[in-house]
Amino acid sequence: MSSKPSFRLDQTPAWRALLEHRDEIASQHMRDWFAGAGASSRVEQFSLRAAGLYLDYSKNRITEKTRTLLTHLARECDVPGKRDAMWAGEHVNVTEDRAALHVALRAPKGVTFRNGTGEVSTTVHATLDRMRKFSDDVRDGRWLGATGKRIRHLVNIGIGGSDLGPRMVCDALAAYGRANLTAHFIANIDPTELARTLPALDPETTLVVVCSKTFTTLETMTNARTIRAWFIEHGIPEAELGKHFVAVSTNVEEATRFGICRDNVYEFGEWVGGRYSLWSSVGLIIMLYLGAQHFEELLAGAHAMDEHFRTAPLEANMPVLLALLGIWYRNFFDAQTLSIAPYTDALQKLPPYLQQLDMESNGKSVQVDGTPVQWQTAPIIWGEPGTNGQHAYFQMLHQGTTLVPVDFIAVLLPQYTKPAYLDHHRKLLANCFAQSEALLQGGSMATAEQAGGPLGEQRRFEGNRPSNTVVIDKLSPERLGALIALYEHKVFVQAAIWNINPFDQWGVELGKTLSRAIEPELVDPATLTPDAHDASTASLIRLAGEALNRKH
Ligand code: F6P
């Protein structure tokens with residue numbers, strides 16, 4: 001039943017003013033705003049620094065008036081009030097009746113957060129202390145495997161929020177890791193990941209972190225059972241498995257039922273959403289791999305961004321501005337996607353991480369009270385590191401028919417500082433800046449003779465294509481923490497404006513339920529009843545069931 005929308009964002013004065021304003025500037029070219037004397041003041045006007053990050057958003061189809069109207073929209077939608085409610089531990093995740101207090105996870109000792117049931121910061125710091133002790137023991141060789149050997153391989157088993165964040169951080173900061181300690185991630189139920197990872201591991205020196213908020217997720221539990229059997233097959237006695245297995249969960253009961261002793265379970269609160277959880281004990285693999293100090297620096301960077309988000313005026317608030325620019329293109333220019341272009345391979349896992357953060361949070365079509373939205377919500381997030389993307393899909397960004405805003409992420413100094421690498425890095429940055437310049441300026445690559453002919457047209461770039469550039473001095477734990485928190489808050493602000501709940505994810509449940517019904521039918525396709533599925537699904541089940549039941 002679809003009821004009348006309770007709130008009409010599209011009928012607010014700010015929205016209407018933005019529509020009018022869009023029509024005023026739609027035919028203008030950004031190139032003209034950069035021409036002449038005002039050019040450098042435009043950069044000053046549309047750039048800011050926060051938590052060690054620099055954002056240049058001058059290459060957007062905006063004027064001072066646009067920013068003013070967008071911030072009016074943020075005020076009309078009570079972004080500051082909603083932000084303060086989240087900070088205060090109110091149950092902003094209304095459908096699950098929970099707070100969303102990930103900011104509490106990165107606040108230093110002495111800053112106290114509460115949710116509906118009381119103060120949470122003491123437990124946060126007690127867990128951090130336990131994690132620190134454990135990871136120091138593992139890294140310094142006080143925690144040994146069943147046969148007395150030091151741990152050399154770390155394996156995180158988890159999926160979604162229990163995988164993407166830690167995987168992205170470990171990969172981004174691998175330069176801060178140790179040569180004799182490797183980190184592996186197994187997420188997919190597809191056995192390929194296991195089959196490829198296990199041969200690289202030695203069971204005597206492997207420590208597994210089973211990471212799952214619910215401790216019931218099919219993929220994680222199946223992978224955890226398989227790796228448990230692998231230890232036993234390789235001679236690790238069942239009674240000694242505790243030296244090779246720890247758990248991270250809110251569900252201590254399930255974790256202990258799986259066989260992990262209570263002392264080896266690292267808990268976190270229900271009020272931590274999966275995709276906002278890398279700061280909690282879900283980050284245990286990060287701490288094990290990179291050390292407690294680097295994990296703490298990651299938290300400190302995020303906290304610095306939190307403080308900026310909490311206190312800066314909307315007009316000079318980095319997550320707010322990034323969110324408003326996203327709204328501008330999504331809702332007023334019908335941009336369906338946002339491309340993330342990190343100019344460093346170290347951030348190659350940032351786009352998939354942001355896909356979950358943004359699309360699982362804001363891929364909603366009902367408002368917080370369940371009435372329908374009448375405006376577009378989350379864009380499709382996608383991307384690859386530059387310069388690889390340039391040699392693949394950037395053609396479409398420059399000359400395609402679809403408007404695709406781009407977030408460029410540039411890192412000024414390389415993580416690996418061999419003199420020869422500086423040359424690579426210079427070329428990398430030159431490419432990054434050239435791409436946003438080309439998107440902005442457009443131009444023609446045609447020679448004078450070609451200019452009038454068809455080849456001239458093929459070589460013309462219209463430009464006026466928007467981008468942001470986030471600049472980081474060095475990809476350190478602290479800066480990465482700030483960068484992730486920047487996007488978390490951006491997503492929150494957009495949800496606040498669209499009046500949706502970014503903290504639930506009911507959309508993934510239906511597929512999970514249906515797969516539970518299909519699994520036994522694959523074991524025995526004869527159990528398929530004629531009306532159990534649509535004809536297409538039924539025939540696919542039969543096809544796969546027969547293949548799987550054939551002798552291999
Ligand atoms: O399927 C979606 C989801 O619920 C994500 O939101 C979550 O991050 C992931 O599954 C993993 O859940 P868990 O940590 O409970 O295993």
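From the backbone N, Cα and C atoms, a Cβ is placed for every residue, glycine too.
Database features (TrEMBL):
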type     : residues : note
ACT_SITE : GLU360   : active site, proton donor
ACT_SITE : HIS391   : active site
ACT_SITE : LYS512   : active site
In which DSSP state, out of helix, strand and coil, do we find HIS391 (active site)?
helix
For the active-site residues listed here (GLU360, HIS391), which one has the lowest count of neighbouring CB atoms within 10 Å of its own CB?
HIS391
Let me know the DSSP-derived helix, strand or coil state of LYS512 (active site), please.
helix
